[in-house]
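**Q** Per TrEMBL, the features are:
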- A:64-276: domain 'ABC transmembrane type-1' (DOMAIN)
- A:12-34: transmembrane segment (TRANSMEM)
- A:68-89: transmembrane segment (TRANSMEM)
- A:101-122: transmembrane segment (TRANSMEM)
- A:151-174: transmembrane segment (TRANSMEM)
- A:195-218: transmembrane segment (TRANSMEM)
- A:250-277: transmembrane segment (TRANSMEM)
Amino acid sequence: MTRWLLPGFLTVGAIATLVLIVGPALYAVSLSFYDIPSLTSDPVWVGLNKYAVVLSSGEFWNAMWNGIVYAGLTIILQVVLGIGFALILNQKFVGRSLLRGLTFLPYLLPTVIAVLTFKWMVDGSFGIITILMHEWGLPAVNWFETEAASMFSVILISVWLWTPFVTTTFLAGLQTVPVQLYEAARVDGAGPIRQFFHITLPMLRPILTVIVLLRGVWMFNKLDVIWLTTGGGPLGATEHLPVLSYRKAFALFDIGSGAAIATLSFLVLMIAVTLYFRAFPMEEVK
Amino acid sequence: MKPIDKRAGLLTRRQTIQGIGGVGLGLSVSGLAAPAVHAQSKRPIRFLNGETGKDTLAFFAMAAKLYEEKTGTEVIIDSVPLGEAFTKLTNGIRSGTPYDIGTTGFIGQVLLLAEEGHIVPVNEITDQYEWGNNILFPIDEKVYWYPFDYNLALIYYRKDLYEKAGLSVPTTWDQFATNCEATVEGRQKGCLFPIGSNGATNWMSFGFMWAEGVELFDNQWNVILDSPELAPKAAAYLDFMARLYPTMPTGSLQASYGDVLSNVVAGTVAHGAYAGRVIESAERDNPEIAAQLDVMPYMDSTGSRTAANHGYDGWMVMNTDNSSAAMEFMNWMTSELIVDFLHTAPVHFQPTRLDIYDNDRWRDNALIKKHSGMIETMRGLITDESVVVTSIDTQGPNPDVRPGKVFESFALPEMLQNKILRGMDSDEAVSAAAEKIRQAVG
């Protein structure tokens with residue numbers, strides 16, 4: 001009985017992966033070789049034409065750049081803030097457990113609720129922040145009214161939502177760093193900053209490597225926050241590849257271009273991940 | 001039946017086999033296992049509804065029940081928000097289980113489905129009635145949908161604020177902008193017209209431009225937005241919108257349908273575009289404001305022409321093996337129950353059929369009676385040939401999918417953003433929009 005258990009589980013896993021991941025992914029890639037002007041029309045083979053059109057369009061490169069900016073800035077802020085919060089929450093103080101729980105709260109919120117709540121808070125007529133600023137005689141803030149402000153706002157929401165994940169992961173890592181290392185450093189006269197850079201950070205490097213990788217992939221593919229707040233606007237200022245792909249396929253009904261953009265996005269990520277592994281080999285990280 | 005043999009378990013093998021046989025026989029008799037017999041019975045009509053208001057849903061449940069009682073044919077109503085209806089319709093077609101009747105709010109989708117043979121003409125229903133201007137969109141004299149409302153985007157304004165500031169109803173852009181500026185007071189703003197890349201902007205913000213006589217295509221489908229004749233008009237429209245912008249609340253760049261509705265109903269703006277839903281919402285949530293609202297069409301710069309922006313919705317009979325049954329149901333519903341349907345959103349569902357405006361039962365509705373003046377204004381807009389009734393997706397010499405692509409490309413909202421957000425020169429913004437339209441239509 002038990003000798004069939006492992007092959008059995010493997011078979012189920014392999015079938016599930018093939019049916020739910022590999023199959024749809026290959027189908028999506030195959031769509032990029034066709035011209036499909038509507039969801040009900042017959043596909044016409046166009047080879048690499050969709051890729052040529054997409055790669056020669058300014059909106060693709062604009063979306064690529066926006067994706068890099070959005071993913072890059074959110075990762076940096078999440079990691080910096082996450083480590084900072086983790087260091088604070090690793091100290092002993094009254095109410096630490098409660099604060100640790102509260103810190104994790106944003107991560108538990110569904111994205112749609114967090115985004116809609118934020119939009120309501122900054123609504124130009126009814127938002128609590130708008131009203132308070134008006135009461136205090138402060139000028140209204142254009143949260144989504146300019147290109148830079150829109151990017152800032154979507155980054156702000158993303159950082160607020162996912163920093164707790166980074167905080168919790170680093171907090172777990174901090175608790176594995178041997179206390180003796182800090183004691184020895186103190187004896188040698190190292191202050192908190194030197195302890196952080198010479199003990200904490202090197203010891204957290206394996207976690208940091210994985211976190212940056214995971215958050216990078218997730219943020220580059222993140223659709224919901226941008227779609228729900230700006231829809232990629234204004235004037236494409238927050239449109240990254242997932243939004244562009246979705247818009248092409250389901251708003252403009254150019255399924256082939258949407259699939260080509262998604263495939264290119266996947267390739268870009270593959271290359272980035274490969275380079276990342278070269279720069280930060282996992283074996284070395286161990 | 002033999003008693004259960006407790007020693008051998010709950011059922012004996014013989015009892016189990018007998019039981020399975022019995023169930024099988026029962027299924028055969030009931031028709032579940034007899035496709036030939038089943039196929040001869042009436043197949044249910046599958047109706048995809050895109051109007052999800054509480055009263056409208058109740059109406060469809062009632063209509064389905066009545067029809068089944070009357071004819072023995074079951075009508076299955078599936079309801080999704082209108083924005084998701086087309087995807088669900090096409091998914092049904094692709095999966096081989098198409099709906100028999102579908103709802104759409106976009107003429108481009110009707111034309112697309114007609115071109116691909118997925119819907120059938122409904123002339124046998126539409127030919128029975130007289131219709132308002134520019135709503136049937138026939139292709140070679142074949143009508144492929146039954147439009148049930150106009151959903152015209154019009155300008156709602158506050159009569160009390162006008163009275164307080166000594167303002168009169170504007171007939172020119174300059175007068176309108178002056179009124180917007182005069183009604184800004186503290187947190188109350190002058191107007192709200194969305195300028196973001198979304199459907200709300202496409203629907204609510206270009207009525208002024210249509211009134212000015214701007215068109216997107218000539219008779220040969222050439223883009224003429226940047227033609228020597230129309231470019232100055234489009235540029236003037238942008239200058240006018242840039243003048244309105246400082247009188248709008250913060251956030252108009254991303255304002256959605258709901259944002260505009262809530263601002264008008266809450267009384268935080270003196271002017272806002274929408275359809276009759278404004279009245280229904282205001283009557284429900286803010287009756288004091290409802291009593292102060294009136295409506296006006298979009299006007300041009302000189303006071304010589306007015307316009308209203310289409311927002312229509314309609315039903316299509318799909319090309320299935322149940323089309324004739326679906327057509328019968330549609331014929332029955334649109335003749336017997338259309339007034340009941342329209343009453344589920346009495347002001348918002350502005351009738352497309354002219355006979356309904358004189359229908360006593362339709363007029364015998366509290367909201368329609370209360371806002372009869374407004375209703376007459378709305379009726380006048382769809383019968384007066386001098387009023388421009390159009391929208392981005394119905395531009396061009398004849399119904400076509402190309403304007404639909406312009407709608408989805410957000411070329412015109414981006415023209416507004418280029419002017420207002422980036423401070424681009426108006427002529428340049430018009431040229432950029434024309435170029436984007438050319439790219440969109442290919």
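Even glycines carry a Cβ here, placed using N, Cα and C.
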**Q** So, does the transmembrane segment (A:195-218) come close enough to the transmembrane segment (A:68-89) to give 3+ Cβ pairs below 8 Å, pairs being at least 6 apart in sequence?
**A** yes
**Q** Among the recorded stretches A:12-34, A:151-174, A:250-277, which has the greatest number of Cβ pairs closer than 8 Å to the transmembrane segment (A:101-122)?
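**A** Comparing A:12-34, A:151-174, A:250-277 against the transmembrane segment (A:101-122), the winner is A:151-174.
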**Q** Is the transmembrane segment (A:151-174) packed against any residues at least 6 beyond its ends, judged by a Cβ distance under 8 Å, and which are they?
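**A** Hits for the transmembrane segment (A:151-174): 66, 69-70, 73-74, 77-79, 81-83, 85-87, 89-90, 100, 103-107, 109, 111, 114-115, 118, 122, 143-144, 200, 203-204, 206-207, 211, 215, 218-219, 222, 225-226, 229-230, 237-238.
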